[in-house]
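A.B. asks: Let me begin by handing over the structure; questions about it come next.
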Amino acid sequence: MKREYPNHDHNTHFNTATSSSLSAAGPDLSGKSKMWNEIDEPDAGVDELLAVLGYKVKSSDMIDVAQKIEHLEGVLGNDDELSQIASYSVHYNPSDLSSWLGSMICELNPIVQQPIVADSFATGVDDLQAIAGNAIYPPPAKKPKPTSPPEAASSSYNPNPIVLVDSQENGVRLVHTLMACAEAIQNDDLKLAGTLVKQAGILAASQAGAMRKVAAYFAEALARRIYRLYPKSEQDSPAFQDLLEMHFYETCPYLKFAHFTANQAILEAFAGKKKVHVIDFSMKQGMQWPALMQALALRPGGPPSFRLTGIGPPSGDNKDHLQEVGWKLAQVADSIRVKFQYRGFIAESLADLEPAMIDLREDEVVAVNTVFELHPLLARPGEIDKVLTVVKGMKPEILTVVEQEANHNGPVFMERFTESLHYYSTLFDSLESSGNGVSPVEGGDVVLTDQDKVMSEVYLGKQICNVVACEGPDRVERHETLTQWKTRFESAGFEAVHLGSNAYKQASMLLAVFAGGDGYRVEENDGCLTLGWHTRPLIATSAWKLK
């Protein structure tokens, strides 16, 4: 289904210009509007999951609490020792979980055995013995029951040794468990996989920060694949997805980088042109285009006539979101005196488009833009080739493409799982750092809210679930690397356009503005630009033209 909206035509003149660079114009890329009310922040350092249950336990105390729980289980397993509890009238506040457990242990068994540091967990789940390697330690052999009379049980009780596992070792064990679960799924051993995914959930709860969050999303995705749970939520509408993406836009610089670098390439392709036309395959909220319009307004010789065609899916709520976006952009264009026309198309898939639908004009220079919209086409055979053929029919001066720099489209599930685990672990790590920073704006600092961070995590978590749990046409997060896209575009009749050192320098300046830029890295890769976290590239911008 396709629908087009009326044109918005604003005829104004602007005869002042100073620069053709995006750095000279555009709204503050790190500013934001508050869409959610701020919520109270939890006590610093307190474990979030246990806090919900009423227990205030700092993440740094989790190891101590785990030791005491294991020791207490050993004590309570003895019936004679258990009878001592009934005689006490003192009740302890369970909100201080560590002190409460320590007090119970001291009363039930005053003499505590010296802790034993072990390299592996001791577990009683027989299914875990099937795992090769050191992912899970096999359960110890059961000792014969003592033959001493019952009255001697209390004096001869020897508590279980306390197993100490530090957070780093726990993290390694968690990764091994997730990998072992994925391997069991690939081998179609769903019974073992079910046991392992439960163990992964327990291990994830003992972690803190980004590791805990990303592991929880992967454990959930594995569980959905094991038990074939694919619930359809009303919140999975395009409008809700756009909302999640807006929070992601505010939290970290990846989408800002994508828009900025693509706009810089388009601006250079439009140099000296009087009539320009952008066809946006990823219109959504239109956040990319005010900056480009302001840059065009400051162009030497005055702004060109700017026409924008925005393409997007049906909203699902019977609202014309594309039309609303067009009205807002028309107001921006009017305020900066840029002649502007807008047209919106609603399409179920980009593969439904034809060049004749776009109202192409011979006196206009065309640019086609797509941000994170091409990889879903790989879910259905032939769709990406059809879309690239349609793009060629539009005869664009430039095609700008932004995609994730990852290989999540391989045929082997285990390889795809491993790659996605590393990729999203890096993304969550950067997200954790961004959440601790601020976005400077004119007149002060705007602190990133908890809602931005949480919704950004949901945005990435949905991608994880799709990569891991889904198959066939339902698996749309089929990310490919820049090298793979280059091969695809060159085969379709395109050649690369070098983004240039100016775009590299200005993208680096953008990161310096965003939360200090610590950890983020801009790199040039054969004329394309990538943005990554430390040494790992995460998204890539490339530009193409017809051969």
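Cβ atoms here come from the backbone N, Cα and C positions, even for glycine.
Those TrEMBL annotations? Automatic predictions, nothing curated.
Quick paste from TrEMBL:
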type	residues	note
COMPBIAS	1-12	compositional bias 'Basic and acidic residues'
COMPBIAS	13-23	compositional bias 'Polar residues'
COMPBIAS	137-149	compositional bias 'Pro residues'
DOMAIN	47-110	domain 'Transcriptional factor DELLA N-terminal'
REGION	1-28	region 'Disordered'
REGION	136-157	region 'Disordered'
REGION	245-310	region 'VHIID'
REGION	324-356	region 'Leucine repeat II (LRII)'
REGION	469-545	region 'SAW'
MOTIF	276-280	motif 'VHIID'
MOTIF	374-378	motif 'LXXLL motif'
A.B. asks: Going by DSSP assignments with H, G and I as helix and E and B as strand, what are the residue counts for the region 'SAW' (469-545)?
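C.D. replies: With helix first, then strand, then coil, the region 'SAW' (469-545) has 31 helix, 26 strand, 20 coil.
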A.B. asks: For the motif 'VHIID' (276-280), give the DSSP counts of helix residues, strand residues and coil residues.
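C.D. replies: Helix, strand, coil within the motif 'VHIID' (276-280): 0 helix, 5 strand, 0 coil.
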A.B. asks: What is the three-state DSSP composition of the motif 'LXXLL motif' (374-378), stated as helix, strand and coil residue counts?
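C.D. replies: Residue counts for the motif 'LXXLL motif' (374-378) by secondary structure: 4 helix, 0 strand, 1 coil.
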A.B. asks: Count the residues of the region 'Leucine repeat II (LRII)' (324-356) that DSSP assigns to helix (H, G, I), to strand (E, B) and to coil, and report the three numbers in that order.
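C.D. replies: For the region 'Leucine repeat II (LRII)' (324-356), the helix, strand and coil counts are 17 helix, 7 strand, 9 coil.
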